[in-house]
Amino acid sequence: MSTIPITPDAADEPWVLPDRGTVGMACLIMAESAIFVIFVVAYIFYMGQSLSGPTPRQVLELPIFTTICLLSSSFTLHWAVAALRKSKMGAFTAWLATTVALGAIFIIGTGMEWYHLIYVDGLTIRTNLFGTTFYSLVGLHATHVIVGLLMLLAALIFALTGHVTEKHAHRMDVLSLYWHFVDAVWVVVFTVVYVLGR
């Protein structure tokens, strides 16, 4: 039995419902995680089963630079939210703009990779099982990055026009959960597709 005394203030403290935004984002992330698990399992299941080329080893290169950009954006967004909590609007805007730029670099890099795969290597979504699973998995992730970028860009526009204050820090915190989730998913996708898959 615990011997820790319960103070009257602690005993009388009312239970507060979790924030709806946080709960909603948590539910969204869990649902999206299930979808990504299905796509990742499908990619692993069909790995190496293509009857014709090209194969991953023949056409895929490690996207080191774009990966560094995307993972770095999690840090810059964290610093942006921290600055917003302290009402440092200049720092918040700068870090948020950096986050958007890093995310945009990742998407541009993905687009360049796809252009080379399609028009130089001849790998399309219909070429073989590798093409189908590759574009499905990487495309699903890229779509989520674009959605996150649009939300961050909207927040940046509001910040530049003076419509964001310290009281919006929690909303940015909730939005950052989505972005960190997208970054974490990329670590899995990168490992499965570009490391194990090659």
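Each Cβ is built from the backbone N, Cα and C atoms, and glycine gets one as well.
Taken from TrEMBL, the feature domain 'Heme-copper oxidase subunit III family profile' covers 1-198. According to TrEMBL, the transmembrane segment annotation covers 23-47, 59-80, 92-112, 133-158, 178-197.
Here the listed stretches are 23-47, 133-158, 178-197, and the one with the most C-beta pairs under 8 angstroms to the transmembrane segment (59-80) is 178-197. Same-chain residues lying 6+ beyond the ends of the transmembrane segment (133-158) with a Cβ under 8 Å from its Cβ atoms: 32, 35-36, 39-40, 42-43, 46-47, 56, 70, 77, 93, 96-97, 99-100, 103-104, 106-107, 110, 114, 123-125, 164, 172, 175, 178-179, 182, 185-186, 189, 192-193.
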